[in-house]
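These notes concern the structure reproduced below.
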Amino acid sequence: MAKRTPSIDTKNLTAVQLMELDACVRCGECVKWCPTYAASGGKPGLAPRDKILRWRQYMNKSYGLKAKLFGPQEVSPSELEEFKDDVHGCTTCGVCATVCEAGINTVEIWEAIRTNLVKKGIGPYGKQSAFPKLVGQYHNPYMKDQKDRLAWVPPDVKIEDKADIVYFTGCTAGYNQLALAFATSRVLNKLGIKFAMLGEEEWCCGSALIRTGQVHVDDVARELARHNVEALQKKGAKKVLFACAGCFRAAKIDWPRLLGKELPFEVIHITQFLADLIQADKIKWEKPINKTITYHDPCHLGRHVGVFNAPRYVLSHIPGVKFVEMDRSKEFQRCCGAGGGVKAGMPDLAVAMGESRVKDALETNADILSSACPFCKRNLSDGRDALKSDIVVEDIIELVAEALGLSTS
């Protein structure tokens, strides 16, 4: 009698990741910190520890001693479907990795498992499955015309055809959250920074595909990275600026992995760029912002890349600003809820997480909740609205523009 085929396989999981899965000691520290678990009201399947233990159980059924002696035990399709839902209910924020006593790199594991399941036809979740087709066809996830990439640019903004510095706008700022694009471009002009943009040659960074386990689908993610790098080189880029934390993370970490080589230019977040200018005394403020401001660390900018100080340095140097920290900040911040495809796949869960983060901000009595990512701004605003709060949600670059006397509309 032929042995049953294993229900799962180990593809996309490295030897190190397999050892990390085995290293979990079930202490539960990650459960205390997980924002999706908390926002769900304590749904056991969303707890990081539970996901690791379940996958380990599936591995034992497929490849353990009993499986080798008597053949693999089946993991039912319904069980794998439920697991798929739970593993996609994670924003990949990385706080579980931060607090893990065993040092498990959970973000890499979640993305590897998602990819593994998608390759087997299990997942992704809901609307997430449309990402490869949309981005592959339109080169952005919003089905917008690429010719409109620079349609937002106002007459007062000067853009070079080629320059050492290129501003990578991102799909969300370029199409949906224009205030961030207005603010970034006008701030650069005000500071005398000559910069270029890619226009219709700017394609999606690919973050949504990678985060949702679809990095391999039709090789779209790799093609996006290749095209963007080549387009940036043609513009003469030596330094590429990002005001979107998701795009920044994709360029900084994912593009080199996809292409198998280092990038031929420096990638830097706008807060790092501004912090350097402030330190060099090259910014002359024109208008004080007499408000109390707190700051939310985008997961992709903070825990994923390690940029914590630059945003705070910028905020603390804006005249009139009283800066206050939330209890959970920097490495231990609470995710806004927008990442990992959750905003698209599970919007109600995303907003519930946004509400939790806004409550953290309200405890500081801040007038303004700031961040440095359009996705964070969107979901924090949704959380604020759900709470019927009057706290203002603004991106750091908008605040910088205001303090320089510039319009963001």
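Placement of Cβ uses the backbone N, Cα and C atoms for every residue, glycine included.
In Swiss-Prot this protein carries:
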DOMAIN    14-44  domain '4Fe-4S ferredoxin-type 1'
BINDING   Cys24, Cys27, Cys30, Cys100  [4Fe-4S] cluster 1 binding site
BINDING   Cys34, Cys90, Cys93, Cys96  [4Fe-4S] cluster 2 binding site
DOMAIN    81-110  domain '4Fe-4S ferredoxin-type 2'
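Structure with Swiss-Prot features highlighted.
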{"residue": "Cys24", "record": "[4Fe-4S] cluster 1 binding site", "CB count, 10 Å": "21"}
{"residue": "Cys27", "record": "[4Fe-4S] cluster 1 binding site", "CB count, 10 Å": "13"}
{"residue": "Cys30", "record": "[4Fe-4S] cluster 1 binding site", "CB count, 10 Å": "25"}
{"residue": "Cys34", "record": "[4Fe-4S] cluster 2 binding site", "CB count, 10 Å": "27"}
{"residue": "Cys90", "record": "[4Fe-4S] cluster 2 binding site", "CB count, 10 Å": "28"}
{"residue": "Cys93", "record": "[4Fe-4S] cluster 2 binding site", "CB count, 10 Å": "30"}
{"residue": "Cys96", "record": "[4Fe-4S] cluster 2 binding site", "CB count, 10 Å": "28"}
{"residue": "Cys100", "record": "[4Fe-4S] cluster 1 binding site", "CB count, 10 Å": "22"}
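Across the structure, Cys93 ([4Fe-4S] cluster 2 binding site) and Cys30 ([4Fe-4S] cluster 1 binding site) are spaced 12 Å apart at their Cα atoms. Surrounding the centroid of the Cβ atoms of Cys24, Cys27, Cys30, Cys100, where the record places [4Fe-4S] cluster 1, the chain contributes additional residues within 8 Å, namely Val25, Arg26, Gly28, Glu29, Pro48, Arg49, Ile52, Cys96, Val99, Glu101, Ala102, Ile104. Considering only the binding-site residues Cys34, Cys90, Cys96, the residue whose Cα is spatially closest to the Cα of Cys24 ([4Fe-4S] cluster 1 binding site) is Cys96. A straight line from the CA of Cys34 ([4Fe-4S] cluster 2 binding site) to the CA of Cys100 ([4Fe-4S] cluster 1 binding site) spans 11 Å. The average pLDDT computed over the domain '4Fe-4S ferredoxin-type 2' (81-110) stands at 96.
Annotated [4Fe-4S] cluster 2 site Cys34, Cys90, Cys93, Cys96; additional same-chain residues within 8 Å of its Cβ mean position, judged by their own Cβ, are Cys30, Trp33, Pro35, Thr36, Tyr37, Pro48, Thr91, Thr92, Gly94, Val95, Thr106, Trp110, Cys335. Across the domain '4Fe-4S ferredoxin-type 2' (81-110), DSSP helix (H, G, I), strand (E, B) and coil residues number 17 helix, 0 strand, 13 coil. DSSP assigns Cys24 ([4Fe-4S] cluster 1 binding site) to coil, not to a helix or a strand.
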